[in-house]
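Trainee: Encoded as structure tokens, here's the structure I'll be asking about.
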């Protein structure tokens, strides 16, 4: 309905595009009611942390993929030191974003911080980096998740591309529906994933303490990443290889900035709630990354070169 000055409201016909959008996404939200879209801390943790928490599934794998062909079995001794440096960086990044979310409560993140402190040119660089990061993150993590599912259910192997595309479309649709509607469905798999990985780490630690944790021989795994034979530390594992492994392992920290970009989505007090969720997310991520790296170093778990199992 449109209203002219001094006249009665006039009905405006709806376009076909608007009708289709309303059927798919529902009616537009009224601005005065947007406060109902605010996220509670438990839901916010589930909605805003999948990017970071799910990275723990392949960060250690990326380190080993780089080290094993050059360092041989010594790669399993280098995993924990590299992971320790990554976790130290996680502490620094978390401490930085804890300050950001308290200062920029309406909208935070790299773009706003760069714009207000360094000007629009630097802000555009930060914005471009964030957009590229989000696109690549969705593609990589959707593909990684599909590989994990196909590894567990090999019969789905021929449909891995279709599954990945369906996951991306589902993510787009859920986010277009709105934070509150998309929040709870997204929070459930996040908590389930984190709980299963924690269970795996705890069981692994118990078995390691009891002396029943198995150790695998990478040379006996068909399709696994080739392992350098001999003294890899002298023959191939140069500082450049170690730095590359560190850089690839840094993928474990992707998504830490997500909370700082959506402080306005939290319930009041926004800054304090965002800070709490950020701290919990960092602690969970640190435990998952450290636990997976420790078990990989003890069991000599070796990643595969391509395809599935992963």
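Note: Cβ is positioned from N, Cα and C throughout, glycine not excepted.
Any TrEMBL annotation is an automated prediction that lacks curation.
Just lifted these from TrEMBL, have a look:
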TRANSMEM  70-93  transmembrane segment
TRANSMEM  125-153  transmembrane segment
TRANSMEM  159-176  transmembrane segment
TRANSMEM  188-210  transmembrane segment
TRANSMEM  230-247  transmembrane segment
TRANSMEM  277-296  transmembrane segment
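Looking at the shown structure, what environment does each listed feature sit in?
Mentor: Remote same-chain residues near the transmembrane segment (125-153) are listed as 51, 54-55, 57-58, 109-111, 113-114, 160, 163-164, 167-168, 171, 254-255, 257, 261, 307-310 (criterion: CB distance under 8 Å, separation of at least six residues from the stretch ends).
Beyond its flanks by at least six residues, the transmembrane segment (159-176) meets 24-25, 138-139, 142-143, 145-147, 149-150, 182, 185-186, 308 of its own chain at Cβ-Cβ distances under 8 Å.
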